[in-house]
Amino acid sequence: MNTINASMTVIGAGSYGTALAITLARNGHHVVLWGHDPAHIATLQADRCNAAFLPDVPFPDTLHLESDLATALAASRNILVVVPSHVFGQVLRQIKPLMRPDARVVWATKGLEAETGRLLQDVAREALGDEIPLAVISGPTFAKELAAGLPTAISLAATDETFADDLQQLLHCGKSFRVYSNPDFIGVQLGGAVKNVIAIGAGMSDGIGFGANARTALITRGLAEMSRLGAALGADPTTFMGMAGLGDLVLTCTDNQSRNRRFGMMLGQGADVQSAQEKIGQVVEGYRNTKEVRELAARVGVEMPITEEIYQVLYCGKNAREAALTLLGRTRKDERSSQ
C-alpha cells in the first residue's frame with residue numbers, strides 16, 4: 001500500500017478502535033490501524049479479524065495493520081485516537097513529533113483527564129499546540145454492533161469547519177452509520193464522560209433489584225446533572241438531548257453490553273470494586289470518570305448528587321443500597337431546580 005493515500009490512521013486497536021477502522025474501511029477508504037502491542041497487531045494481521053473482541057467480523061481488504069507508529073502516522077493527515085481517557089494525553093504527546101505537518105486529530109475517547117478532570121480538548125491543545133484542527137465523535141455506539149454494520153448514529157464536533165465536513169463525509173454511510181454535525185465542542189465531549197458515571201449508577205440500581213422505575217428515574221436525573229454541568233462550562237443545553245447526551249446515556253444505562261452498567265450491577269449485587277473490575281476484564285471508564293466528573297463539578301460549583309453517591313461507593317466504601325437510600329432521602333425539590 002502507498003501509505004500516503006490512506007484516508008485515516010486509527011490509533012488504538014481495542015474493540016472500539018477496531019470497529020471504527022472497520023467502518024471506515026467498509027466505506028471504501030484505506031485505513032491504517034495501529035496498536036501499542038506489536039504481538040497483538042501481528043495476531044490481527046494473521047487472523048484478519050479482532051478475535052478477542054469482534055471475532056465474527058473479518059477485516060475489509062482496505063484495512064491495514066501497522067505496529068510502527070511513525071509509519072502509521074505518515075499514512076494519513078487524519079488521525080483518529082481511540083484510547084482510554086487516562087492515557088489520552090500520554091498518547092498525544094507520543095504522536096506529536098511523528099505527525100505530518102498537515103495533520104488533523106479527532107478522538108473517540110470518552111472521559112476527562114485523569115486526576116485533573118480537564119476536558120480532553122484542553123489536554124489536546126496542551127499536547128499538540130494551537131494550530132492543529134481538532135474534532136471529537138461521540139454517541140451511542142457499542143463496538144460489536146458498529147463493526148457488524150448495524151444502524152448507528154453519532155455526533156461530531158470540530159474546531160475547524162472544513163475538518164468537520166471532511167470527517168462527516170469519511171464516516172457517514174447511508175446504509176448503517178449516520179453522523180450528525182454539532183458546533184458544540186464542549187457539550188459533545190462532556191456527554192460521553194458523564195454518561196459513564198450514570199451508567200454505573202443504573203447498573204447498581206438494577207443489581208440491587210430496584211426495577212425499571214428506579215432505573216428510568218436515574219437516567220432522567222442523570223441527564224439533569226449532565227445538563228447542569230454542561231451549562232456551567234458553556235455548553236449548549238440542546239446538545240444533551242442529542243446523540244452525545246441522551247442517546248449515549250440511554251444506551252449505556254439499559255444494555256448489558258455496557259461495561260459501566262455491568263460493573264455497577266456487580267456492585268449492586270454486593271461485589272467489591274476490585275473484583276468487579278477484574279470480572280469485566282476491560283477498562284471501565286466510568287470508574288475514573290466518576291472521580292474526574294466530581295472534581296470538575298466541584299470546581300465550577302455544580303451539585304451532582306447521583307455522581308456524589310456513586311463516588312462514595314467507588315472510593316469511600318459506601319454500600320450501594322445505602323447510597324441509593326441517601327438519594328431517595330434527599331429533601332423535596334422542584335424538578336426544575338438547579339440542585
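Note that Cβ sites are derived from N, Cα and C of the backbone, with glycine treated the same way.
What you are looking at is a predicted structure, and each value in this text was computed from that prediction instead of being measured.
According to Swiss-Prot, the protein has these features:
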ACT_SITE  LYS195  active site, proton acceptor
BINDING   SER15, TYR16, HIS36, LYS110, ALA143, ARG259, VAL283, GLU285  NADPH binding site
BINDING   LYS110, GLY139, THR141, LYS195, ASP248, SER258, ARG259, ASN260  sn-glycerol 3-phosphate binding site
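A map of Swiss-Prot features onto the structure.
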residue: SER15; record: NADPH binding site; Cβ contacts under 8 Å, 6 or more apart: ASN50, PHE53, LEU54, ALA143, LYS144, GLN282
residue: TYR16; record: NADPH binding site; Cβ contacts under 8 Å, 6 or more apart: VAL82, ALA108, THR141, ALA143, LEU146
residue: HIS36; record: NADPH binding site; Cβ contacts under 8 Å, 6 or more apart: none
residue: LYS110; record: NADPH binding site; Cβ contacts under 8 Å, 6 or more apart: SER85, SER138, GLY192, ALA193, LYS195, ASN196, ASP248, GLU285, ASN289
residue: GLY139; record: sn-glycerol 3-phosphate binding site; Cβ contacts under 8 Å, 6 or more apart: THR152, ALA153, ILE154, SER155, MET243, ALA244, GLY247, ASP248
residue: SER258; record: sn-glycerol 3-phosphate binding site; Cβ contacts under 8 Å, 6 or more apart: PHE142, ALA199, GLY203, LEU251, THR252
residue: VAL283; record: NADPH binding site; Cβ contacts under 8 Å, 6 or more apart: PRO84, ARG259
When the number of other CB atoms within 10 A of each residue's CB is tallied over all shown chains, which of the recorded positions LYS195, ARG259 has the maximum?
-> LYS195
Note down the number of other Cβ atoms within 10 Å of the Cβ of ASP248 (sn-glycerol 3-phosphate binding site), including every protein chain shown.
-> 28
Largest CA-to-CA spread of NADPH binders SER15, TYR16, HIS36, LYS110, ALA143, ARG259, VAL283, GLU285, angstrom | 22
